[in-house]
């Protein structure tokens, strides 16, 4: 076992072992993060080499995490040693005090650590090679772009249809298996069968996420948001993640988990947009020669955006809501043209889903192809619209406050549960045992959920089922109660009968178990029943409060488990439960109103408002949420009340914490740049206009326009930067000035092609690589690149070979002056979707560089604290 020590030099932590100086300690067997070697030296005098390391490798300041494993023996006789024991918690606590931004301030106490993702450029590199490539692909009429948007919409619509059909089919099959046992009050057998079938589904669902596609856990939505913001997150759109997320979500919902398919469908739609637009797959080794002009970062992200919007549109049948949801929450880059194309994609996706769904229910053909019935097309159809009184604003505000409080509580509890999960999982050193624990976590939640679902209704008595005359029409009664020979809502109640009265009206004496209706039926069906108007006594207050308690707790526990789970249906259903409860209290106070001025006092109306309030309290959405609620309910009459509830719920929730999506981005250590930075120091918001780019920039390593192969290889070996400013001298004897940037991957590709090498005397290289040969997403063969770099940096002959970088550098790379406003530098960086922002002085010399990680709120807060402390120290020196 190697001997490791941790040194501290001017608040910079440096790791030393027997052969290398590294930014972080690393060992493959112990699953610590892979570190990049910054400097290689002998070990005769460790302290002096640490000093040299600090002076020569200032770029190594930005490290990820120190892994301190028991068994490593520190050197005790050196004054620079920081750690004198093997307590990893002490090491990590001290590091967190030094730099709260390490792993975004949350991931620091995990032995299994996922490094913060790198960034992506939104626009392609504007190099000579790129311009040559553009000339070969003249601008057309964009017909192919519209065709691709339509194609993405068709495929997303098909998978949206399949998602609904699989869930409906498996749900019906599962409960039909236990029909006779429930009717005979054999709850033990019922529980065993339900748990066994759900266990089998969940075993596949969670197993796919844990072992087959970890990038699909749990919903994929934070990863999609982070990617579209510019964070490079690998494997989230590959074909394994795509199929794994789709199947996992369908089986998790069908198994009986308190979740929905919405967030995974956004992930699925984004993956379809990514895969179809590129017409290639590294997993399947497919590279078709079609639509190659879309193989750049800007077009790729636009199709991913459209696919994500189509996912919402398909699963909710809400094309406008899908468009607005992506605009408000998911996309970081937007323009009018993209809005039109995304709207077209959502339209096609919704139309495809509705055409297919008009013919099939649970894969059973019903013979209505192309005939769109409102009760099927509108997910939570509200037929009877009520006239609204201005007095309804008062209970709406109350519901908004409740929704905001419960939403903030949900975010708080869910974060605590997920942090506990991460702590438990990271404490397990063996990979297989860790994966097995994740699988058992999902299975435990399922068993608890199904046990509540089966046994709680046993303690509730039966109540009369509303007769068909109490419904709005006979067809609704049929769709809700007689679609199958036995309705699970009857549960263990005595069977009833239905007959036609002499006057032609339909009569019945059925009874239902209210707890079974609220727990056994999935959230989608339960929400539809809660929204019904005119049936005040259909659900009693005790049953509603019971379902609210269990659904809130279990859905909070479920969110984040190792399965493809969404939260929209639980949010809508939970809000409907407490909204209808408030409606019943209103009816108890004011009675059942029969005149049109008091008809708004209806539990069904308050259920809709409660859903909007709780949805807004959790997600903090506003415009898109209002439109989605109207599209999924058809309740246009209540739009003003929905808007009020959403705004109040968001305002109350924002007072306590961030939205769920923002919190999950932070929890997953995804470096997300908000539209407006939120930097707080001393409980006061900091105005970044008072700071400059120089205050946050990092030292940069520059390379010359015509660079030595040996030096390039050594640079790539001894640094971990992903971008380098390129400098040149305008005239002999003049200082070098900034010209553009080039990325590490581009240098890798150049060094792997000897045809671009030239001698010192020659000014012409034998060949120029094409744009598609230089611009890649990842290195094709990392081992080969490492061998080449070692060869170039060890063989003296490569000191006489050079590469002319001019055809490959990004000459439109953005730079700002050192005194440039930090607030405006942030806006430039985010708006243009940059990966690197070079800082220059008044003579246009590169003096620093700003990356995404330098602009994260926690990093900015740290800089502000250090600058404030430096100012105080300076003032004290002046006083003395």
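Including glycine, each Cβ sits where the backbone N, Cα and C put it.
According to TrEMBL, the features are:
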type	residues	note
TRANSMEM	146-167	transmembrane segment
TRANSMEM	187-213	transmembrane segment
TRANSMEM	303-327	transmembrane segment
TRANSMEM	339-365	transmembrane segment
TRANSMEM	385-413	transmembrane segment
TRANSMEM	439-460	transmembrane segment
TRANSMEM	539-560	transmembrane segment
TRANSMEM	572-592	transmembrane segment
TRANSMEM	604-630	transmembrane segment
TRANSMEM	636-656	transmembrane segment
DOMAIN	809-865	domain 'CBS'
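Per-residue confidence over the domain 'CBS' (809-865) averages out at a pLDDT of 92.
Listed by sequence, the residues of this chain that lie at least six past the ends of the transmembrane segment (572-592) yet keep a Cβ under 8 A from its Cβ atoms are 380, 395, 398-399, 402-403, 406, 518, 523, 526-527, 530-531, 536, 539-541, 544-545, 547-548, 551-552, 555, 598, 601-615.
If one looks beyond the transmembrane segment (187-213) by at least 6 residues along the same chain, the residues whose Cβ comes under 8 Å of a Cβ in the stretch are 170, 174-175, 177-178, 181, 235, 240-241, 243-245, 247-249, 251-252, 254-257, 435, 438-439, 442-443, 446-447, 450-451, 453-455, 458, 561-564.
For the transmembrane segment (339-365), the partner stretch with the most Cβ pairs below 8 Å, chosen from 146-167, 303-327, 385-413, is 146-167. Here the domain 'CBS' (809-865) is broken down by DSSP into helix, strand and coil counts: 23 helix, 16 strand, 18 coil.
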